[in-house]
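Have a look at the structure below, then the notes.
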Amino acid sequence: MGSNSISKMAARHLRILSGCNGALLSVRFFSDSTLAQEPIASTAIDSASVSPSINTAENHSQLNNNKKHSAPSSLKHAELAKFSAIADTWWDSEGPYKPLHALNPTRLAFIRSTLCRHFRKDPYSARPFEGLNIVDVGCGGGILSEPLARMGATVTGIDAVEKNIKIARLHADLDPETSTIEYCCTTAEKLVEEQRKFDAVIASEVIEHVADPAEFCKSLSALTVSEGATVISTINRSMRAYATAIIAAEHILHWLPKGTHQWSSFLTPEELVLILQRASIDVKEMAGFVYNPLTGRWSLSDDISVNFIAFGTKNS
């Protein structure tokens with residue numbers, strides 16, 4: 001398939017790579033109420049039809065020069081300072097993290113559906129993640145870690161911003177169901193050094209803020225047990241994303257502080273899939289997040305042109 005065909009695929013918002021072996025990859029998209037196990041749509045894409053090129057040279061290959069740890073770090077210190085400045089607003093649903101609070105139920109629906117299917121758990125159970133060991137990388141104040149714990153998972157939340165971890169601990173201690181969460185001010189690279197392993201590794205709205213996405217994904221892979229699960233959500237590097245996630249969200253609607261995102265740091269779905277493949281993670285499912293301004297709610301969609309989430313499994 002030539003470049004014209006690829007462009008047509010992009011226009012349909014179904015841009016994704018499958019494994020380099022040419023096998024077909026099933027891409028499933030789920031409704032907002034993804035307790036059910038049946039997908040609302042399924043698309044098979046031949047990996048041989050998509051070019052393996054990836055543009056990460058200047059935007060995504062910067063190495064961090066901090067030598068505090070022996071492991072290479074994917075941290076951007078300017079990003080840490082930026083989020084440290086607003087750490088005390090994590091649980092203010094009308095504050096700077098209002099978009100994440102609104103998005104949370106929808107990304108949890110995708111996580112619940114995919115993990116239940118992969119680990120053969122009952123999606124209708126009140127605690128479907130019972131017995132699963134999950135790490136929330138870049139957990140912030142814990143707005144994703146806490147519902148994961150309430151669904152029965154043994155949760156470790158890590159963040160490189162110390163203030164975030166303090167806020168997360170204080171809030172988790174208010175509820176016996178979440179007080180068991182292990183919060184650590186550390187990095188994925190450091191956990192790899194400690195030889196930690198998890199059934200599922202989640203990095204939601206994090207990869208666009210790291211210095212080197214490829215190294216970051218290698219760390220996520222190293223933290224994942226063989227045949228375990230990895231879930232990443234982020235923003236597409238598209239003109240539509242620039243218009244909505246930066247111009248509209250930061251400069252017009254003021255949902256986010258100006259400078260929260262850098263468009264050049266976003267990854268396209270193709271880039272993310274290829275990076276994960278190189279880190280021994282095969283992406284199995286992907287969906288987009290679509291915002292309805294009339295209802296103020298997010299839903300899952302096959303439109304991955306702006307926000308998207310990917311589920312993959314670690315090669316054995």
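Note: Cβ is positioned from N, Cα and C throughout, glycine not excepted.
No curator has checked TrEMBL annotations; they are predicted automatically.
Feature list (source: TrEMBL):
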type	residues	note
BINDING	Arg107, Gly138, Asp159, Ser204	S-adenosyl-L-methionine binding site
BINDING	Glu205, Glu208, His209	Mg(2+) binding site
Nonlocal neighbours by CB distance (under 8 Å) for Arg107 (S-adenosyl-L-methionine binding site), same chain, sequence gap 6 or more: Leu144, Ser204, Ser233, Phe289, Ile309
Which listed residue (Asp159, Glu205) has most other Cβ within 10 Å, given these are binding-site residues: Asp159
Cβ packing number for Glu208 (Mg(2+) binding site), 10 Å threshold: 22
Cα-Cα distance linking Gly138 (S-adenosyl-L-methionine binding site) and Glu208 (Mg(2+) binding site), given in Å to the nearest integer: 11
